[in-house]
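Engineer: The cyanocob(III)alamin binding site annotation in TrEMBL covers Ser49, Asn50, Tyr51, Tyr52, Gln53, Asp93, Asn142, Gln187, Trp302, Gln303, Leu304, Leu312, Trp334. Feature annotation from TrEMBL assigns disulfide bond to Cys62-Cys104.
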Amino acid sequence: PHTGRLALYLLGLRATCPPASPHRSLVTWLKYYLEEDWTGSRRRGHPLSNYYQYGLGVLALCVHHKRVREEVIRRLLTAQHHGRLGHGGNAVDTEAVVALAFTCLERRRLVGTELAAELRAAAQGASRSMAEAQGPDGIIGNIYSTPWALQVFLATGACQTEPAFGQAMAALLENLEAFGTAATMAQVLPVLHGHSYLDIASMHCQEEPDTLTPLDMEPLAEVPGNKTVQLVVECPLPWCYDLQLYDRPVLVPAAASLLDVLRAAAALEPHDFRFHTQDTLQGPFLTQVLGLEARQEKRNYWQLLTAPSTPLQMGIADYRPQDGETLILRLSEW
């Protein structure tokens, strides 16, 4: 089910203040998708999509002032209580979306008093968890998950008392060049104006000017020449006996991304280097390298690092390595 995409579309639709209500059938479809999505839990223990998309669905319904069955809400509460919301930046993204959904349901009074108290406590717990996850550079999770954390601080009021808020905002302002796609811009722009997605629900549309105009995007200038990137694949115990499975220089155009490096390696040695990605709302996500698949049920993922041990703050399609840089793909546990 396309739960996340439909949820984001409905959030965007509400934010544009449509003159009529042509989206009623879409809201009904989203409710249907939430139920279909959960059928995966019978076999996998989690939604067919993931908790991030499932949380987005609940948030979008709440922003449209639609009630959600208590069972649906408690699925998210249970997942949060048992630490099933992911790893690294993905965990911050998911926990933030879920916390925003909880805060919206409580604020819009779409649940009973007892459940509202549980949701409030869960959202406040998520806020504290994000503050504890902040790195020395001010980033929470990774640069793309930081706006989600900031939205939670704003929505719960923690922005006024939490020191992590100012530090994360400073880190965000230093890394704005990382937000170059529509999806990432949509996450960071509300924060830069002191808002969260929850504020969409209380917009006064008659006061909103029509400022939506097409933007002519100039293509990026091509960078001449080539560069060489050292590509390393590591797989520690207990998954592999040999730590280093691959170590080769890869020649690519000067403007190539990490995804381009992977494609070039696969084209150069189709029998020795293979990889797979999964399309997500934030771009392609690395799921399999050299036949080794990262799986949520195994609690592992492919960590991206620049040598010797610095985690990348961007995805494989956005990060552009320097000439002579060593990039490490490491199967890691979360």
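Our numbering is plain: 1 for the first residue shown, then up by one each step along the chain.
Glycine is treated like the rest: Cβ placed from N, Cα and C.
Can you tell me where each of these features sits in the structure?
Structural biologist: The Cβ of Cys62 (disulfide bond) has Val68, Ala101, Cys104, Leu105, Arg108, Leu110, Ala201 as same-chain neighbours under 8 Å, each 6 or more residues away in sequence.
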Engineer: Within 10 Å of its Cβ, which one of these binding-site residues (Tyr51, Trp302) has the largest number of other Cβ atoms?
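Structural biologist: It comes out as Tyr51.
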Engineer: Which has the fewest other Cβ atoms within 10 Å: Cys104, Leu304, the recorded positions listed?
Structural biologist: Leu304
Engineer: What residue among the binding-site residues Ser49, Gln53, Asn142 has the most other CB atoms lying within 10 A of its CB?
Structural biologist: Gln53
